[in-house]
Amino acid sequence: MIFQRVLSIYLFLPSALSSIHSTHDDTSIDCDSLPSQSDFFSSQQLDMVCHHRKMWMEEREARVSIEMGEKPTRKQAAYLKAIEKCTRENCVRDGVRRPKRAARKTIRREVRMMNKEERRAVFEAMNVLKDTEVDNITAWDLHTLVHYPDSAPGAHWGPAFLPWHREFLRQFEIALQKERPMAFLPYWDSTLDQGLPRPADSVLWSDELLGNGNGYVKTGPFKDWETNVLMPLSEVPVKRLYRSTGGRPNDRLLSPRDIQWVESRANYSDLTFCHDKTFESMHGLSHVWVGGFMFVIRVSPNDPSFYMHHAFVDYLWERFRQKQQSRDQRENEYAKKTCSKLQELDAQMKPFGITNRDGLSNRYTDEWYEYEPIRHCSSDRPTCDSTYLFCDEKEWVCRSKVVLGGNCTGFEGSAICYKSTCIKGSCRLPPRVELAKRLQKNPSTSEEESTRQSASRLARGVVWTKTLLIDEDGMGIRDSLASVTVDYGDGSKTTVYMNHTLEYPELPGMVYVPLPKVHGDDRLNISVTARDAYGRYCQPQCYNSTVERHHVCEGILTLSPSLAHSSPLSFTHDPSSRRFLDADLSVHPRLISVTPPYLVFACSRKMITSGMIWSIANSEKPPRNSEEEVFIRVALSRNDMDDLEVESSSLSGLHSWRSPVAAATSPVDPSILFVRVPNPELHPEGVSARVSFLHHGSRVGCIVKCTNEDGWSEECDGIVSLHQDPIRSAESTFSSDFSVLPLLGWKMQFHPSTWTHRVPYLSFTC
Ligand SMILES: *[C@@H]1O[C@H](CO)[C@@H](O)[C@H](O)[C@H]1NC(C)=O
Ligand SMILES: *[C@@H]1O[C@H](CO)[C@@H](O)[C@H](O)[C@H]1NC(C)=O
Ligand SMILES: *[C@@H]1O[C@H](CO)[C@@H](O)[C@H](O)[C@H]1NC(C)=O
Ligand SMILES: *[C@@H]1O[C@H](CO)[C@@H](O)[C@H](O)[C@H]1NC(C)=O
Ligand SMILES: *[C@@H]1O[C@H](CO)[C@@H](O)[C@H](O)[C@H]1NC(C)=O
Ligand SMILES: *[C@@H]1O[C@H](CO)[C@@H](O)[C@H](O)[C@H]1NC(C)=O
Ligand SMILES: [Cu+2]
């Protein structure tokens, strides 16, 4: 079989683009008139597929590749052309043919079936492509660019979808093999994950395989991969690999039933889009399930899981070919209805120099590559061939293992847990090992000790900020193995652990984080990361005060004394006041509120919204105060009078209190006194007290001012009224907690330079 060469047409050349507009006979898409019934999809899923299709068509019209540079440079075009040429010649290195016949054919294995060397070769090759720049664009990104709709207008939504991606994948595989001859394209059989209690807990999304799936990819072989395009549909600019595996409740992966359907189609027409929406739409499920870059067709090859998922789709197509078609049919049978001219059998497979028909060639799997099937287990052989898989003896199938901390409900007693054991529905370490771990982290890494460890870094002083770790159910984590690590950027790090002894207004899940004090023009970037009790990556979210919401961020804090250059987080140098960070103590005790810290961590595999974060804070209510007495603040400026005493007496005559002024003065502010009065919580009718000053037993005449709610002050008689109902209380800040008193009146939310202070109701000048 001879490949037709269509000459001189390559990526983004005007000639390639000009034909688009005459061939889009299929772009008016009405997502409201979809077939309502489908054996496979819910109506939401059908709707989603339709909108993806629409988006892709619109992007094709808009020629979005301009965001990556309008035209490939000569060098970039040459790179891609060389790969394509090499693909036809099945070469390993430029012009070098594979040495032995036996070594010519590539075996594609499931990603969990690779051995250590293969994993290393594949992941290294992928990283080389990511690190190799061709005129300022990485080789990896050039492949992604080929997948853009204006480059590949016929790659989706029609019968050419399968052959186009077959060719695209093989070119990519050649690119890998040029870097590491042993490499191949692994496939991701998502049916291995689909039957798990929670597929996002699969070991696939762990350090050893594809890295974490919750948010920025910060673990595994692709961690911190940069993309040269912003992630679409994101509220915040994301330019690194990003996922949200299983983040939305209605998404699913491919099921054995889907596979059966594919394998049982009578002919190619029945498999492809125009006659049946199922296969191409089905493949979209995994895209959407992974989320992030995978969510949008155009940019999905940014995520290596794209290639592995598509290799599975290609494998399923091959299974259909082997089962339902003769050799001749495989190369010639095509869809009767082609949806668009670009999808026709003999149309050019843009941007490649071959036709769609060439993509049906038997050569791909006769000569170039084949798929190694997964051997499922049986009662005779109740094992699977990978440490990442286990045998589900209820159904005699192999499934993916689940990571430590993952959900294994219903699989107790099986080998479902990777390097751990299924205990009460979750993968845990054996109790003895876990206990040892808990003991081991203490005391060498307790807060005090670890702070001392990075003493050099923190020599100039420590400030404390709060952070919050949120679990699967949107609640604060309480496990003392959960930790936060601060990287000071100079090689020193501190790890602090969760302390589950909490006192209001400390939120459950809260951890204090030590940060270096900054002075003058200092500006420091500090990276903060968190792990849950099982060591799993937690995705940081930062508060944006403009939109008053938390958004995904990279967990980098910029510290500076000036607000303009600082992350707007609250901090204090005083360990005894850090408890009140993010609290508003300028209001009536019943109205005291806590905001979530600037930096929080979603350790969940589900989406954690800003609303959920705020509801954790809002659900914490101040405890009711049942002490007999409370303190109010009184401001006093005096003209050198020693031996002054302060007195308060309730108007009901039942209570009176007297103290030397010196003993009642605030330790931090000499102009403030703390004066004892009855607790209004215990007196529903309210409390009124007169405050006055005495010198050697006789009352001193002072000028008294009363400052009301909105800051207006006027002369008054020194009587203050307190009430449990905030609107009936003249003085609204009072407490019986000694540790709060110096902070009473302060609203300690966000950056300290924006904290506000409320003056006491009573001010005396004596
Ligand atoms: C690559 O980027 C550098 C710096 O932005 C620029 O000077 C150079 O012209 C670019 N090269 C090409 C081929 O675009
Ligand atoms: C684990 O998954 C099962 C089934 O999906 C679910 O009912 C259960 O609530 C999950 N357990 C936990 C701890 O999330
Ligand atoms: C494909 O198979 C279906 C169902 O068996 C049949 O109705 C249809 O005519 C076939 N199409 C072609 C092109 O053979
Ligand atoms: C945990 O917090 C409590 C109350 O704030 C404190 O007394 C205790 O020392 C803390 N424990 C550790 C290990 O830091
Ligand atoms: C800190 O990060 C900001 C924003 O990412 C960056 O603009 C700045 O240059 C960094 N500063 C230092 C000292 O690294
Ligand atoms: C906060 O959100 C606004 C509006 O989306 C955005 O313009 C701004 O850049 C964001 N600020 C930060 C620090 O991310
Ligand atoms: Cu695609």
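Glycine is no exception: its Cβ is also placed from the backbone N, Cα and C atoms.
Just so you know, TrEMBL annotations never went through curation; they're auto-generated.
As given in TrEMBL:
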SIGNAL    1-22  signal peptide
DOMAIN    156-173  domain 'Tyrosinase copper-binding'
DOMAIN    303-314  domain 'Tyrosinase copper-binding'
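Secondary structure counts, DSSP: the domain 'Tyrosinase copper-binding' (156-173) has 13 helix, 0 strand, 5 coil. Residues of the domain 'Tyrosinase copper-binding' (303-314) grouped by DSSP class, helix first, strand second and coil last, total 11 helix, 0 strand, 1 coil. For the domain 'Tyrosinase copper-binding' (303-314), same-chain residues at least 6 beyond its ends with a Cβ under 8 Å from one of its own Cβ atoms are 108, 111, 126, 162, 165-166, 168-169, 172, 185-190, 210, 222, 241, 243, 254, 283, 286-287, 290, 292-294, 371. If you average pLDDT over the domain 'Tyrosinase copper-binding' (303-314) in this model, you get 98.
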